[in-house]
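*Asks:* Got a structure here, written out as C-alpha cells. Questions coming.
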Amino acid sequence: MADEKNDSTPFLQNGTSPIITKTPLPGKTVKPGKEGRGKAFKQIMASFVANLGTINTGMAFGFSATALPQLKSADSSIQITENEASWIASLSSVGTPIGCIISGYLMDAIGRRRTLIITEVPLIMGWVLIACAQNVPMIYLGRLLIGFGSGMVGAPARVYTCEVSQPHLRGMLGALASVGVSTGVLIQYVIGSVTSWNILAGVSAVIPIVSLLGMTLLPETPNYLLTQDKPDKAETSLAKLRGSTCNLQDEIQKMKSFKEKNHVEPLKTPKEILKALLSPSTLKPFGILALYFFIYQWCGVNTITFYAVEVFETSGATLDKYWLTISMGILRVIFTVVGCILCRRCGRRPLTFVSAFGCGSTMITLSVYLYYVQYWKDNDLPPQNSWIPVASIYCFTIFCTLGYLIVPWIMIGEVYPTQVRGIVGGMTTCAAHLSIFSVVKTFPYLKHSLNDYGAFGLYGSISIAGMAFFYVFLPETKGRTLQEIEDYFCGRTKTLKKASITETA
C-alpha cells in the first residue's frame, strides 16, 4: 500500500539523497499492505480517551448561549447587565491563553499524559464554583478557571493523538478533538434548555472528572519518551498502542533514526528553547496556523456559538429559539463527524476552501437578510421568508465544521518540530483563543456601531478574503509522516507533494 511506501521513503538532507545501508531488523518481517499496520482499535481508544477533555471546551463555548438569557431574565437569582453578559461570555477565552502557554511548557517538561491529567483540575473547580455562585464575581472566577483548563487541554489532546496514531489514521483521529468540542456545545444547548444555569454547571463537572480518571490508564507517547532518552519505555508504550499486528521494531527504528540523524535531544536551557522557537521550522508553521485561526474565528463561528439564542431572536425566525439552537448543535456534531471522515479522504486544503467560501457566502446572505429585518422593523412591517436566516445559520454551521473546525486543530499536532511541539502547540492554541476572545468580546460593540447586518457582513468578507491566504501558504499534510512534515518545514525537503505516491491517508 501507499502508506508503507511513504513511510519507508528515505529522508532528504541538503537536497540530496543520503546513502542508507539497510540492516535486517530483529523481529518479524513487515507484512505487505494493511496487515503490517497496528491495531486501529487501540489507537482509536487511546485517542478517544485523550480527547474527552475537549468536550469541556465545547461546554465552555456553549454555556453562555443558554445561561445568558436566563441570567438576564427578571426572575433570575443573579441579575446581570449587558456588559456583564459580554464578560461572562468572553472571560473563558481570557483564561484560555494562559492555560495554553502553561500546558505547552508542561507537555515538554513532564509529558503529554501527565499534562492532560493536570488540566482537569481547574475545570472541575471552575464548574463547581459556577454551580455554587451567589454573585457575578463568582461566575467570573468560574469562567476564568474553565477557560484556563480549556486552554490547557487543547494542545496536549491533539499532540497526544497525533503522536500515538499512524499516518493512515492520524487525520481522522486528530479531528476527534473537534468532535469533542461540537459534542460539548450540543450538551450545553440540550441540558441548558431544560434546566437552570447553575444545575447545568454542576452537571458539566462530570466530564472533566471522567477524563481525569481515563487518562490515568493511558501510556505516554513513544515520541516523547524517545526525546527523553527512554527507548525501552518508548517500545513498551508503542506495543500497548499498536498491538501484535504491527512491526514494532520497524516503526521504533524509524523514530530512533530520525532522532539520531537530526540530533533531536531534550532542550535543557532557555537559550536552547529560544533558538528552537525562533528557527524557520517553528516560525513558518506557527505564522500559518496563527493567521488561519484568526481568519477562522473572524468568520463569526463563535459569535454564533456563544450568542446562538440571541442571534436566532435577532434574525426574526418564528420558530422556538431554543429548539433552533439545539438543532444547530446536532448539525454541528453530525457534520464534524463527517468532516473527520472527509479529512482522511480529501486532505486539509480542499476542506479549508470549502469552509472559507461556504462560511463567507452564508454570512453575507444572513447580513443581507438582517438588513431587511431592520428595514421591516423601522417601517412596522412583518418579517418575510423567515426561513432564510435559519437556513443561512444552519448552512454556515455545516460549512464551518467540515474544514475550519477541524483542519487547523489537527495541524497543531502535525507541523511543529518534535523538540518544541508542546511549547509551540500551546502558543498556537493561545493565539487561537485570543482570536476567539477578540471576536466574542467585540460582537456587542460591532452590533451597536455597524448593526447586526454590518457585523455579519464583516465576518463573511473576512472569510472570503482568507481564501487567497490559504491558497498561497497552506501546505497539504495528509498522508505524510510527522518526520516528513518536520523535514519540509526545516527545509530538508522542498515539497510535501509526492507524485509517485497515491495518497490514501
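Glycine is treated like the rest: Cβ placed from N, Cα and C.
From TrEMBL, here are the annotated features:
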REGION    1-33  region 'Disordered'
COMPBIAS  8-20  compositional bias 'Polar residues'
TRANSMEM  44-65  transmembrane segment
DOMAIN    46-478  domain 'Major facilitator superfamily (MFS) profile'
TRANSMEM  85-105  transmembrane segment
TRANSMEM  117-136  transmembrane segment
TRANSMEM  142-160  transmembrane segment
TRANSMEM  172-191  transmembrane segment
TRANSMEM  197-218  transmembrane segment
TRANSMEM  286-309  transmembrane segment
TRANSMEM  321-343  transmembrane segment
TRANSMEM  350-371  transmembrane segment
TRANSMEM  391-411  transmembrane segment
TRANSMEM  423-443  transmembrane segment
TRANSMEM  455-474  transmembrane segment
*Asks:* Could you tell me whether the transmembrane segment (391-411) and the transmembrane segment (117-136) are in contact, taking contact to mean 3+ Cβ pairs under 8 Å with a sequence separation of 6 or more?
*Replies:* no
*Asks:* Could you tell me the mean pLDDT the prediction assigns to the domain 'Major facilitator superfamily (MFS) profile' (46-478)?
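*Replies:* Within the domain 'Major facilitator superfamily (MFS) profile' (46-478), the model's average pLDDT equals 85.
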*Asks:* With an 8 Å cut-off on Cβ pairs and a sequence gap of 6 or more, do the transmembrane segment (142-160) and the transmembrane segment (44-65) reach 3 or more such pairs?
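*Replies:* By the criterion, they touch.
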*Asks:* Using a Cβ cut-off of under 8 Å, list the residues of the same chain at least 6 residues beyond the transmembrane segment (44-65) that approach it.
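*Replies:* Residues 85, 88-89, 92, 116, 119-120, 123, 143, 146-147, 149-150, 153-154, 156-157, 160-161, 164-165, 169, 173, 176-189, 192, 197, 200-201, 204, 207-208, 210-211, 214-215, 217-219, 241, 302, 305-309, 325, 329.
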*Asks:* Mind checking which residues reach the transmembrane segment (423-443)? Cβ under 8 Å, same chain, six or more beyond either end.
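*Replies:* Long-range Cβ neighbours of the transmembrane segment (423-443): 86, 89-90, 93-94, 96-97, 100-105, 107-108, 147, 150-151, 154-156, 158-159, 273, 277, 282, 285-286, 289-290, 293-294, 296-298, 300, 302-303, 306-307, 408, 412-413, 416-417, 455.
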*Asks:* With a Cβ cut-off under 8 Å, give me the same-chain residues at least six positions beyond the ends of the transmembrane segment (350-371) that come close to it.
*Replies:* 292, 295-296, 299-301, 314-316, 339, 342-343, 385, 388-389, 392-393, 395-396, 398-400, 402-407, 451-457, 459-464, 466-467, 470-471, 474
*Asks:* Where, among 172-191, 286-309, 321-343, 391-411, do we find the most CB pairs under 8 A to the transmembrane segment (197-218)?
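*Replies:* Per the Cβ under 8 Å count, 172-191.
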*Asks:* Cβ under 8 Å to the transmembrane segment (455-474), counting only same-chain residues 6 or more beyond its ends: which ones?
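*Replies:* Answer is 288, 291-292, 295-296, 298-300, 303, 348-349, 352-353, 355-357, 359-368, 370, 443, 446-447.
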